[in-house]
Amino acid sequence: MLTTTASSAAAVARQLTTRRVIAPSFVSQAIRTYATPAGPPPKGFRIPTPKTWDQEEEHVLDKNGRYFLLTEMFRGMYVAMEQFFRPPYTIYYPFEKGPISPRFRGEHALRRYPSGEERCIACKLCEAVCPAQAITIEAEERADGSRRTTRYDIDMTKCIYCGFCQESCPVDAIVESPNAEYATETREELLYNKEKLLSNGDKWEPELAAAIRADSPYR
């Protein structure tokens with residue numbers, strides 16, 4: 001009984017081994033047969049080389065028609081007249097200016113409260129989050145225990161206008177105004193101090209408050 005069982009197991013093992021050997025060889029042979037081309041590719045198998053303008057063959061009547069009927073000229077005139085009656089795509093800058101998004105990131109500014117007190121609490125989150133290390137802050141404690149900045153400098157030549165300072169500020173003190181026209185003649189004029197930033201905030205406060213209100217539902 002044991003001998004019969006052992007012989008049966010050996011036969012099954014031989015069959016499995018044979019199948020494992022046959023299956024890969026059959027598959028590989030089939031792939032090799034169908035993957036190898038039997039002959040040259042058919043005509044037009046590859047994309048032909050595009051012809052140049054001097055190699056294109058055109059009928060004589062087509063050439064004469066384009067020459068005498070001036071079809072290309074009338075086609076260009078039609079395009080010009082079509083664009084003439086459409087509204088213009090351009091504006092007369094700087095006399096006309098396009099709309100600006102409330103999220104536009106322009107010149108920096110420091111805001112105040114309606115009472116005139118500056119908003120910045122010298123938490124230095126903007127200085128820490130600035131990837132360009134363009135912000136420098138120094139602060140001191142007041143008699144009432146509150147902290148206020150004694151120095152707030154921004155090197156506008158380093159700023160990448162990412163808006164991280166504005167997003168990190170817990171009191172909406174440092175913001176980026178909608179002003180994009182602050183080109184200067186010297187590099188020193190782009191080194192903003194606290195007084196310059198506060199004056200920008202006083203100048204653009206109505207626009208800044210409106211932009212913050214428009215963006216408040218999404219914050």
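Using N, Cα and C of the backbone, Cβ positions are placed for all residues, glycine too.
Per Swiss-Prot, [4Fe-4S] cluster 1 is bound by Cys120, Cys123, Cys126; the candidate from Cys162, Cys169 named for the same site is Cys169. Through the fold, the domain '4Fe-4S ferredoxin-type 2' (150-179) approaches residues 100, 104-111, 118-121, 123, 125-126, 128-140, 187, 190-194, 197, 200-201, 204, 207-208, 211-212 of its own chain, all at least 6 residues removed from its boundaries and within a Cβ separation under 8 Å.
Between the CA atoms of Cys130 ([4Fe-4S] cluster 2 binding site) and Cys169 ([4Fe-4S] cluster 1 binding site) there is a gap of 12 Å. When secondary structure is read from DSSP and collapsed to three states, Cys120 ([4Fe-4S] cluster 1 binding site) falls in the coil class. Using a 10 angstroms CA-CA radius around Cys165 ([4Fe-4S] cluster 2 binding site), the binding-site residues that qualify from Cys120, Cys123, Cys126 are Cys126. DSSP places the residues of the domain '4Fe-4S ferredoxin-type 2' (150-179) in helix, strand and coil in these numbers: 5 helix, 9 strand, 16 coil.
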